[in-house]
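What Swiss-Prot says about this protein:
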- R210, G211, G212, K213, T329, S543, R605: CoA binding site (BINDING)
- G405, E406, P407, D429, T430, Y431, W432, Q433, T434, D520, R535, R546: ATP binding site (BINDING)
Amino acid sequence: MTPHSTHVTLDHEGIIQPPAEFKERSKSKPNLADFETYSKMYKESIENPSKFFGEQALEHLSWDRPFDEARYPVSSEQDFADGDIASWFVNGQLNASYNAVDRWAIKNPNKPAIIYEADEENEGRIITYGQLLKDVCKLAQCLTKLGIRKGDSVAVYLPMIPEALVTLLAIVRIGAVHSVVFAGFSSSSLKDRILDASSKIVITTDESKRGGKTIETKKIVDDALKNCPDVTNVLLFKRTGNAHIPFTEGRDLWWHEEMAKYGPYFPPVPVNSEDPLFLLYTSGSTGKPKGIQHSTAGYLLGAAMTSKYTFDVHEDDVLFTAGDVGWITGHTYVVYGPLLCGATTVVFEGTPAHPNYSRYWEIVDKYQVTQFYVAPTALRLLKRAGTKYIENYKLDSLRVLGSVGEPIAAEIWHWYNDNIGRRKCHIVDTYWQTESGSHMLAPLAGITPTKPGSASLPCFGIDAKILDPVSGKELKENDVEGVLCVKSCWPSISRGIYNDYARFIETYLKPYPNHYFSGDGAARDVDGFYWILGRVDDVVNVSGHRLSTAEIEAALILHESVAECAVVGYADELTGQAVAAYVSLKSNVSEDLEVIKKELILTVRKEIGPFATPKTILLVDDLPKTRSGKIMRRILRKVLAGEEDQLGDISTLSNPGVVAQIIDVVKATRK
């Protein structure tokens with residue numbers, strides 16, 4: 001063991017090979033033949049990125065004007081050296097909308113592009129590629145008529161309905177830039193993002209539906225626009241048809257009325273490879289919003305390649321990503337990735353628990369979903385509900401099960417594998433970021449061996465390095481722990497923070513010179529598999545021991561009574577920091593709570609060691625989470641620090657009411 005070794009890599013299960021049934025369930029030949037093919041391609045993507053990605057770009061994308069060279073500079077030796085990011089597909093021109101829609105509409109106009117499952121059961125519709133093209137073209141004409149031109153920003157505040165996809169594709173069809181704001185953000189957060197992106201138009205709905213509840217979407221927009229004088233129009237889709245929705249004459253326009261004015265075709269506007277495609281503001285940040293900017297060609301290639309290789313997507317597949325278009329997962333694996341591959345994408349408006357815990361599995365069987373992609377948070381919820389909600393479903397169309405958003409605990413991995421995959425699907429635990437645009441670490445479906453809890457191996461072009469967090473020295477051997485960085489540029493990397501490139505350099509390129517800094521701790525085990533240990537600011541330093549919160553959480557969840565947990569650090573006079581564990585128990589627990597606390601401490605001592613023992617265990621009803629499923633550890637830290645008045649905007653939480661209960665629990669421990 002090296003001085004930087006990590007306990008999380010002590011995997012007792014060994015390497016799990018892809019199931020033999022994976023290939024049997026596929027209607028098409030797998031996109032990669034074997035692991036040797038991946039290894040050869042990966043090596044070339046690192047050693048000769050210009051040649052590798054040049055060939056991939058010609059294979060996966062249609063070009064209006066061919067690029068002169070795939071990468072400038074051709075060599076990656078000086079990447080990130082002076083805050084510079086390589087340019088990709090120099091002098092090439094293309095259009096994202098054409099690549100995602102037109103070429104498939106021409107080939108097979110009657111093929112389903114979007115399957116829409118509404119919040120209400122048995123409501124929804126199927127949109128073919130031919131119909132999608134018509135809708136996109138009509139909206140593109142509408143936006144042009146309203147004065148939107150190439151490079152302009154359009155704010156999108158829409159729920160998970162097909163019109164969200166139509167909107168994004170129409171915006172990029174005319175060379176404009178979409179800035180999607182998750183339709184759960186408060187009016188204040190929406191206002192900040194509209195102002196920062198200088199958006200001229202907002203596209204939204206009268207109301208939205210989620211989990212059986214009606215959300216007053218338009219009222220939130222109206223409140224935000226009180227302080228956005230440069231917004232000229234609001235385009236309003238009629239989702240519920242509430243006749244009492246506020247409507248501002250001269251500014252507000254009805255979607256259906258505007259769409260009826262235009263014909264079924266509008267030519268796509270070619271843009272340069274490096275022209276911006278979209279802005280997406282990262283969630284959970286404090287202070288000024290951080291608008292991550294992505295380029296057109298590089299992002300599209302990343303979305304297409306990772307969909308094809310990570311998920312083994314083919315044109316005859318149906319991909320169900322249980323994510324929202326307001327986050328990067330929705331952008332890449334609900335919208336662009338599946339459509340760039342000519343597949344069918346499922347757009348689900350609801351929640352996994354409405355009207356009951358069978359909703360996901362009902363959708364899978366109903367539409368013969370082949371790839372399912374979801375956050376571990378949802379899986380924990382469904383595991384707690386019990387297998388009775390799964391037993392009546394075949395789920396035999398599935399061949400790939402994806403996990404996204406946070407590391408998946410081994411216990412949840414096995415539950416997923418046994419109950420949803422029936423041990424016949426390949427589980428791909430993916431690691432990536434808003435800033436990366438597409439997968440960074442992930443198994444490739446049907447190809448890569450896996451270990452429960454590990455993100456496996458780097459994707460093409462990701463020259464992953466683990467650095468010593470203090471010295472910045474690369475830890476080249478296996479069985480090491482440090483910070484995860486990337487040595488060279490890849491096509492889908494963010495091109496910066498909108499209007500603040502200096503902040504981009506400070507955040508991602510300056511901490512470890514000549515590297516992109518992910519912000520995450522990671523380990524590479526004895527077999528070369530990568531494990532994500534959580535954000536570096538989620539690492540707790542107790543008496544000189546650097547403890548990964550993810551590692552402690554993985555130990556706690558082994559206890560049979562634990563449904564969810566989150567570990568954070570807090571100030572301690574003796575040890576510098578101490579470990580606090582917020583624990584949510586399963587609903588059927590009858591055991592004495594003090595006994596459970598003692599058992600949890602023993603579990604951590606057994607799995608990791610005495611130095612990792614939580615000093616405080618707080619039993620709470622639930623944990624604060626965003627709608628995308630991420631646990632908001634920032635809130636948990638602030639409550640522990642007695643900073644309840646500095647929590648910021650909690651309106652984006654899926655369960656904001658839980659914060660008050662958590663505050664009460666913490667206060668009770670101080671008495």
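Cβ atoms here come from the backbone N, Cα and C positions, even for glycine.
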Which site among G211, G212, G405, P407 has the most other CB atoms no more than 10 Å from its CB, taking these as binding-site residues?
P407
Mind checking which of T329, T430, T434 has the fewest other CB atoms within 10 A of its CB? They're the binding-site residues.
T434
Since the record lists R210, K213, R535, R605 as binding-site residues, which of them has the fewest other Cβ atoms within 10 Å of its Cβ?
K213
Out of the binding-site residues R210, G211, K213, T329, R605, give me the one sitting nearest to R535 (ATP binding site) by CA distance.
T329
For R535 (ATP binding site): DSSP state (helix, strand, coil):
strand
Relative to the Cα of W432 (ATP binding site), which of the binding-site residues R210, K213, R605 has the closest Cα?
R210
May I ask you to report the DSSP-based helix, strand or coil state of K213 (CoA binding site)?
strand
From the binding-site residues G405, P407, T430, pick the residue whose C-alpha lies nearest to the C-alpha of T329 (CoA binding site).
G405
P407 (ATP binding site): secondary structure state under DSSP, collapsed to three categories
coil
In angstrom units, rounded to an integer, how far apart are the Cα atoms of K213 (CoA binding site) and G405 (ATP binding site)?
25
Between T434 (ATP binding site) and G212 (CoA binding site), what is the CA-CA distance rounded to a whole number of Å?
29
Check the Cα distances from G212 (CoA binding site) to each of the binding-site residues G405, P407, T430 and keep only the ones within 10 Å.
none
Nearest to G211 (CoA binding site) by Cα distance: which of the binding-site residues G405, P407, T430 is it?
G405
Distance between R605 (CoA binding site) and P407 (ATP binding site) at the Cα atoms, whole Å?
21
Expressed to the nearest Å, what is the distance separating T430 (ATP binding site) and R210 (CoA binding site) at their Cα atoms?
26
